[in-house]
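Step one of this worksheet: look at the structure below.
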Amino acid sequence: MNYRFIKICATLLLFTVMAQRCVCLSPDHRKKTLEQRKQLAMPRVTCSLRGIRAVFGPMVKNNVYARDVTGATVPVPQYEKTCGVQVARVKNQSLSFFSRYDSCFVRVEGSKVVIPLQVQLAGEDRWIRVNISCPLIKARSERTQPRPTPFPGNCDIERALRVDCGHQRVSSDVCYKLGCCYDARDSACYYTLNACSLDGHFVFSVNAADAHTPIDPSSLIVKDQLHCHPVVTTPDTAVFKIGVSDCGAKRKANGDVVIYEVEVVELHTGNDGKNSQFSLQVQCEYDSSDLKRAAELRSLYAVTNPPPVIALGSIGVQMRIATDASFTSFIPEEQLPLTLPLREAVNVEISIVQPSPDPTLSLRVRDCFAYPGSRHSVWTLLYDGCPNPQDNMRSSVPVDKQGKTTSHSQIRRFDVKTFAFLDPSTGHPSPEEMYFYCWVEICTNDVDCAQRCTFICVEVQELLPLLLRYLPL
């Protein structure tokens with residue numbers, strides 16, 4: 001019995017040894033295996049107007065190296081803040097590498113922009129060279145040139161991203177004079193994207209895929225200008241139209257060339273406490289003659305002639321907090337800030353300071369925001385004069401039976417249900433003072449300032465005993 005057992009074991013051992021002796025790899029097979037390993041290190045490369053993005057598979061380690069202009073191979077993560085690059089893991093554990101076209105590691109080879117990288121696969125010490133590249137985009141001047149007809153290539157813009165150019169029902173001839181695109185099927189005149197318009201506007205798009213990290217296009221604004229947000233937003237793209245003298249645009253002259261610049265950042269709303277590092281610098285260059293032409297072109301927008309100026313003066317606008325919903329008395333400025341319980345209604349009035357220089361003027365409230373003293377977050381109270389639909393304790397705006405605000409009025413009123421921002425470092429309600437900020441317009445009597453709002457009533461049953469300090473602007 002023992003003999004048979006030993007014999008069987010010996011036979012199996014002999015078979016195993018023989019099998020191992022027969023496993024031989026030819027040079028071609030080894031080469032094929034090496035190529036397969038290299039294939040795991042090959043990224044998916046995306047070229048955009050902002051830069052180059054390479055997405056590696058999850059087998060690639062974080063320690064990506066790149067060759068700088070001196071020929072030295074350096075670790076990319078150590079140069080993220082100074083060289084215009086970023087390495088990060090994304091949701092599916094893939095490794096994302098992003099580089100601006102002016103980063104420390106970019107080199108131009110013929111008609112391509114190339115970045116030499118070195119990566120390692122998990123469980124291996126061997127380095128694999130990976131060159132990522134994109135076609136060279138030659139810098140083109142954004143100085144505007146009059147053109148009699150639009151260029152079809154620049155006008156191939158999906159309808160959802162189009163920004164109207166000129167007044168409604170503008171003719172094709174006027175549309176072309178404005179340097180815009182005309183769609184005869186829709187009788188629509190719209191701007192070209194990512195260009196400086198003939199009438200003096202930045203018109204550009206920001207694609208979420210072009211950012212280093214995921215962004216929400218609807219949360220983008222011009223830095224320090226809460227009222228300067230996109231005119232069009234989709235889940236993937238934001239489109240801005242900004243006058244070159246609006247939204248705090250910086251201006252500098254270089255000879256006969258005038259350069260305007262704005263910075264777009266992401267502003268997180270609500271209480272998520274996140275801080276975004278997204279920043280996009282946008283510039284427009286104009287010749288002095290272009291700016292003169294832009295002023296002339298803007299006259300094509302007017303549907304009616306503006307009333308003649310009969311005197312110089314100033315118009316004051318004030319924001320006050322009423323003692324109750326009757327708006328018959330108001331909190332004196334010296335008694336601010338207020339301390340109020342959460343979810344209590346604060347009655348806010350915005351009005352033209354009396355005596356008004358012109359009784360035919362009316363006031364339109366566009367957007368209103370609340371933000372804490374530290375400015376780490378912001379929350380939209382009113383959007384285009386109406387309550388924020390994403391707010392479960394939305395503000396109330398008085399309307400008529402048709403759901404419209406009064407068309408002609410120098411006073412606008414709304415209420416705010418008090419709340420607290422969360423401290424981003426602790427996650428607890430912040431006790432700091434809160435400020436209100438509103439963007440308003442003054443309308444002449446030939447403009448309808450009424451706004452239609454749809455409301456969904458929210459019943460508030462619970463009152464938290466936490467206190468909140470308010471300080472209106």
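Cβ coordinates come from backbone N, Cα and C, glycine included.
In TrEMBL this protein carries:
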{"type": "SIGNAL", "residues": "1-24", "note": "signal peptide"}
{"type": "DOMAIN", "residues": "153-193", "note": "domain 'P-type'"}
{"type": "DISULFID", "residues": "CYS155-CYS181", "note": "disulfide bond"}
{"type": "DISULFID", "residues": "CYS165-CYS180", "note": "disulfide bond"}
{"type": "DOMAIN", "residues": "195-460", "note": "domain 'ZP'"}
Structural state of CYS180 (disulfide bond), classified by DSSP into three states: coil
Candidate with sparsest Cβ neighbourhood (10 Å radius) among CYS155, CYS165, CYS180, CYS181, the listed disulfide-bonded residues: CYS155
Rounded Cα-Cα span from CYS155 (disulfide bond) to CYS165 (disulfide bond), Å: 12
CYS180 (disulfide bond) and CYS155 (disulfide bond), Cα-Cα, nearest whole angstrom: 8
DSSP-derived structure type at CYS165 (disulfide bond), helix or strand or else coil: coil
Collapsed DSSP category at CYS155 (disulfide bond): helix
